[in-house]
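Participant: Please find one structure pasted underneath; my questions will follow.
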Amino acid sequence: MELTFGQEPSYWSGLYRAIAVIYCLYVVLALIDLRRVFAVLQSSLVEDDEGEAQKMPMEVGLSSPSPGSQSPTNTPALGAGGSWSVFSVMCLLAYRLYTGFNTATWLPYLLAREGESLWFDDQAAFMGVAKLIYGGTMLLNPVLGLFGDFLVLHSHGLGRRMFLRIGVIMAAIGILICMLSDAQHNFYWFMVGILTWRMGECMNDVTMEALAPEMVPSTQYAMASSVKGALFLLGGVLGYVMLMFTVELHFSWLYGAYLVMMLVCSMPALFLLRESTQVRRSSQTRLHFKPGFDYLSYAYLAPARLPGGFSLACLSVFVFALGTAPMFFLLLMVRDLVGIQSQGLQQREFSYLSVTFFMFAVVAAVFSGDGGHQPGRDGRIHHSMEDESQLHARAKKLILAVVGFGIVAIAMPFMTLLPSPETRMVYFYGIAISLGFCFGAAYTRFQDITWSLIPEDAEWANVMGFNVMCRNAGVGLGNFLAGIILNMFAMQGYTEVVSVSSERMNLEHQAAYESTGYYVMCGASGVAVLIAALLATHSVDQQPGEATVLRALSPGYKAVGHP
């Protein structure tokens, strides 16, 4: 029987009407910003018509600006000393709280429940199609980031704000389509909603990834990355805790939560992004006057061929993400390694382990914000040999965290050597604490180091979109390979009664895997993480030193990577 709007869950309650009204106002503000963008573009065209010949004498007479002065001047939260407070950075990156909440609840829970509802006969195929759409939109991060960089050529605050508003609106439209298609049990429209939703999320991701390195002085990168990581991981904790306390509610409550959290968490950054007439001239030189197809290749080739250690850092992030696969198989480990067979107990222990993991990851992220001297009184980004030494000092802490994560990952399946399920669970909680702490420290410091390796006048959204693509690709490929390894060690499963009603009795056949498969999977993941530590070391060693201490790209930099 199809659900109608008059039945539960009701999508036209007063709460959703209020959300709809707020989003209508949001659309009006987006249209106002769009009009301002067109006005800025028109004024820039008029300035271009005046001719470069009139500008050159003035530019020759002026001293060459430092890369820090070319950075966006949107620093409304700067204190008297030119530094950002922790609270200001939290406001700037508040959207990461929603991202963590979405990551913890969307793919592992909401999609699984929608698969039961929309495609009960083949839930695995439903999840496969949804993940395919997710992966496809993920690959568009560099292109969307480059498009966002076009909007900031003439006004950083207005351009970033406009791109973020469009992303939020597109994601909200996708969520609405998913809500309606779920109510009507329409699989195809649900996939259209996922595509629209993830496209909007990609636009928001590349924008938020660029804001911190663009607006926060490089001497505060450690603090900013700590705040960013803590917010993301705290969002994950919030998601898991809310799932634990809403088990009796229909899963559709998450759609309303997404709409509210996405809007609320995006507002602080929108307020901080004030309009600016700052022009990034080096970016103009590189991005203008290219054939259309060249922009596509530029979006992917230019970040990979940046001078310095950024490309190796992205490879290190990719390999590290490959090695995080054991994190996503905790539920199976509770069943196959600990020996808990009841689904109810499995779900409860999995939830407790996940919350424990994320809580200690948050603690590690908070304590990873040390280091970095305060910026100058002018608020500009200054680089010196002290910056270089601090970069290597922070890199050593990153290596320790990554190596620790790899060792703990290898040690995970050794719980099978313990005699009873109770002692194995105690061991498992110790693993969750250690793994979470190492992951939080590594995740935060990876971000800090990556920002420091990027030339200051690069296209930030494009470059960070490329970095995020590498990280997500590693997570996806790592899970795929881990699944293949476990399937090689599949053994006879068992059938469990999961529900009984007056009409039918539901049986579920669960595949089980030998402990040897987990030893191989965790061992391979640990080796990958240790290789990532080696790559991270080389990425910092390849960073230009004193001769290029300002780390500025020349205006003639091309996608082929030659200045």
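Every residue gets a Cβ built from N, Cα and C, even glycine.
According to TrEMBL, the record shows the following:
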TRANSMEM  15-34  transmembrane segment
TRANSMEM  132-153  transmembrane segment
TRANSMEM  162-181  transmembrane segment
TRANSMEM  227-247  transmembrane segment
TRANSMEM  253-273  transmembrane segment
TRANSMEM  310-330  transmembrane segment
TRANSMEM  350-367  transmembrane segment
TRANSMEM  398-420  transmembrane segment
TRANSMEM  426-444  transmembrane segment
TRANSMEM  474-495  transmembrane segment
TRANSMEM  515-536  transmembrane segment
Participant: Pairs 6 or more apart in sequence, C-beta under 8 angstroms, 3 or more of them: is that satisfied by the transmembrane segment (474-495) and the transmembrane segment (515-536)?
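Facilitator: In contact, yes.
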Participant: Do any residues of this chain, six or more beyond the ends of the transmembrane segment (426-444), have a C-beta under 8 angstroms from a C-beta of it, and if so which?
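Facilitator: Sequence-distant neighbours of the transmembrane segment (426-444): 225-226, 228-230, 232-233, 320, 324, 326-327, 330, 333-334, 337-338, 352-353, 356-365, 367-369, 397-398, 401-402, 404-405, 408-409, 411-412, 414-415, 418.
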Participant: Could you pull out which residues elsewhere in the chain have a CB under 8 Å from any CB of the transmembrane segment (310-330), counting only those six or more residues past its ends?
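Facilitator: Beyond its ends, the transmembrane segment (310-330) has Cβ neighbours at 303-304, 350, 353-354, 357, 402, 405-406, 409, 412, 432, 435, 439, 442, 446, 449-450, 453-454, 463, 466-467, 470-475, 477-479, 481-482, 486, 518, 521-522, 525-529, 531-533, 535-536, 538-539, 542.
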Participant: How about the transmembrane segment (162-181) and the transmembrane segment (253-273): at least 3 CB pairs under 8 Å, pairs 6 or more apart in sequence, or not?
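Facilitator: By the criterion, they touch.
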Participant: Which stretch from 132-153, 227-247, 253-273, 350-367 shares the most C-beta pairs under 8 Å with the transmembrane segment (15-34)?
Facilitator: 253-273
